[in-house]
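Q: Okay, so TrEMBL annotates it like this:
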type: TRANSMEM; residues: 21-44; note: transmembrane segment
type: DOMAIN; residues: 22-181; note: domain 'ABC-2 type transporter transmembrane'
type: DOMAIN; residues: 490-700; note: domain 'ABC-2 type transporter transmembrane'
type: TRANSMEM; residues: 524-547; note: transmembrane segment
type: TRANSMEM; residues: 567-589; note: transmembrane segment
type: TRANSMEM; residues: 595-616; note: transmembrane segment
type: TRANSMEM; residues: 623-643; note: transmembrane segment
type: TRANSMEM; residues: 680-701; note: transmembrane segment
type: TRANSMEM; residues: 764-785; note: transmembrane segment
type: TRANSMEM; residues: 791-813; note: transmembrane segment
Amino acid sequence: MRQSWKIFTRDVKRLGQVPKAWIILIGLLFVPALYSWFNIAAFWDPYSNTQNIKVSVVNEDLGGDSETIGHLDVGKQITEQLAENDQLGWQLQDADTAEDQLRRGETYASIIIPKNFTADLLAITEGTLTQPTLEYRVNEKSSAIAPQITDTGATAVDQAITAALKQEIATAATKTISDEGKSLEDAILDARDTTNTTFGETAANLRSARGGLDDFKARLSEAEASMTGAKDTVAQVDQALIEGQDALAQVQDLAESIQTEVTNFTDQTTSAFVDGTTAVAEGTANANASIADINATLQQTSGRLDTAGQQTNDAIQAGKSAIEQVQGLLNDSALSPELAAPLEDTLQRLEAGNAASERLLGDVTSLNSETADTANAISQAAGAIDSAAQDTSAATQALRDAVGDGIPSLNRTLSNLSTIAGSFAGSLEGQRATLGEANNLIDGVVSQLESTRSALDDFDITLAGLEDGVRDVRSDILALTASSNSEKLQTITGLNSDEIGSFFADPVTINSEPVYEVNSYGSAMAGLFTNLSLWIGAFMLIVVFRVEVDTEGFKRVTVPQAYVGRFILMAIMVALQAIIVAAGNLIIGVQTVNALAFIGTAVLVGLAYLSIIYALAATLGLVGKFIAVLLVIMQIPGASGLYPIELLPGFFKAIYPFLPFSYGIDALRETIGGFYGTHYLQFMGMLALMGGVAFFLGIILRKNLGHFSTVFNHEMAESELIEFENVQVVGDGYRLADIVRALEDREGFAESIKNEAERYTHRIHVTAGIGVVGIIALTIAAWALPDAKALLLGLWTAWTLLLMGLVIAFDYIRKSLKQSEEIIQMDDQTLHKSVSAQASGLHTIAASPASETTEGEK
């Protein structure tokens, strides 16, 4: 490395000692940058000037009429829109002027709108499909890009026509829909009013019917209360009758007891007669008291029967009222048969219950009358007993005289009393049976009333459901009409035909949101132009500076030391070129997310390109320089610098991953638009790999291919027109293997060289024939298959390169054979010196044919 550094410092001193060389150095630094600067400035925003691209527009359209749309003139609308459009330089002209200017190149294209254009468009509204046609003519000779731009303009015209037709159709359709919507709105409003009235009346009738049912149920409640009271009264009367029966039984017992006493009195003495008289008086008093109690009970029973009769009569009147109400509901024609059936059953039950109540009232009245008669009879009996008792007391003094007359009379009276009491007890038992029937009848009436109430409750629920349903339907209809009117119909009737027509003409608005936004087309192209400048700059250094290093001032220089020493000088120059071009780009206005990263990336990319170009030139000489030029030619389209690689033919897609530009351009784009993940590191890593591999292969192959370069340069020197460098080789330029073979077996080596020369002559003829046939075949295929021209071009290029490589290889073989013949003519001493020189590894200049000729002349 020290020797390489010394070579570098020596070269710098040499440049510093020649001021005129500084001009060349400055030119080498700035000329490549000019390529980038001028191209970026020129392409900064070219599409902002498309209004300068002139396009003729000829309108011959006569318009057309349609029942749906009316009169329409699409041609006029188009010309009016284009007059306000500045995307292209629209020129409204007649047909002759447009054709003349198009052929002279004053306009790039022309668009002709024919006479029947609108009529053909409107034919679709009449059920006939006639394809309208525009005539678009373009002068493709005038420019490669202008036709693409005018094609865009023609597409814009087509879109404008489509938009105009859509707008007219949408406007007419919207107006028709709006008018129909208004008619529909009026019809819906009328239907809503009618429905509202009808359903409102129905709901009111149902509400009234439910009110009548409520009144009827209230009367039923009153009737039920009356029946309950009547039942209680009957129970009380029954209890009173039971008590009366008990009292009458006591009266009968008492009468029988008195009769027994009277009978005993008859058999006793006078004194005993007096005692019996006293007992009779006491029994009579007791009987009168019992009769008074019975009579009071009967009076109370009669009162209760009067109350029961009145309550029963009230129940009958309530039942009649209920019957009238149910009959009124049945007479209402609005009731359906399903609703009338339960009412008829209820009516029958009410009539049956009312008839039972009337029978009960008759029975209660009859019972009350009988009770009154019984009470009168008991009162009469009491009077009779009392009269008998008084008579017995009055006759006590004359008892002895009238015992025979008084005792029988008393017995008859007591017998009558007992008979009356028994008869009345039987009557009371019959009354109790009647009360039992009345009680059962009341229970039946109450059951009927409860059934009636249940039926009325069910019917009321049904009516309530009907009422709610009617009101819900009414509300739904009102809500539906209101919603339709306020939302749907108002939307339809409020349609703005002009706005909708405009919407259909341009229904979509594109919201453009750039990702990794770049400020201009020039900034977007900076990656390509900067990479081209760096490649051109590195190539210019290879062309201007010598790749071969002379050994002046050095005792011992190896090939790798010389290779690295000259590379350092060129690397510094490339770094300065990269800094200048990148800084100039930033001054012009090229966008970058990080200026230092942009400049640093340019430097690293330039060094990678230098490593590749330097390795080619150092190992292959003029052939390597030719390959470097070929690489830049292939990289301009193949590295995705202008167009996405997806748009290019398959050949370029195939070579894309192997081109240095692919990674250099992408790396600079990262610093311009923005970094994403590890993309930048991946791009720079691949570029570093390519540059590193080229650098080390250059060192290795430079030593091994030195003989090839020497032979090739000697061939070029014979033309006396092509400049070349004397190759620095190890030794004297002869192959060590050939020298060793000559020393070992000179005659055998000479024979092998002769045989090889004969084979070489045969191979060169065969290769030439195959090469010519291949070129002709590929040319014919390209003519016959125009769609595959990109692939065939790639194959043709590869075939040509292969032929060139074979020609160079064969020429190298020819020169090698010539050198081998020279070795055969050398003596052993010279050959041994050559072996010693190559074994020392010294870096020397191989003798050229020109120098040999000059030395011979001397």
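Just so you know, glycine gets a Cβ as well, placed from its N, Cα and C.
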Q: Could you pull out which residues elsewhere in the chain have a CB under 8 Å from any CB of the transmembrane segment (764-785), counting only those six or more residues past its ends?
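A: Distant contacts of the transmembrane segment (764-785): 792-793, 795-796, 799-800, 803, 806-807, 810.
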Q: With the transmembrane segment (524-547) as the reference, find which of 21-44, 595-616, 680-701 contributes the most Cβ pairs under 8 Å.
A: 21-44
Q: Can you say which of 21-44, 595-616, 680-701, 791-813 has the most Cβ pairs under 8 Å with the transmembrane segment (623-643)?
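A: It is 595-616 that shares the most Cβ pairs under 8 Å with the transmembrane segment (623-643).
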Q: With a Cβ cut-off under 8 Å, give me the same-chain residues at least six positions beyond the ends of the transmembrane segment (680-701) that come close to it.
A: 559-560, 563-564, 567, 601, 604-605, 607-609, 611-612, 614-616, 618-619, 660, 663-664, 666-667, 670-671
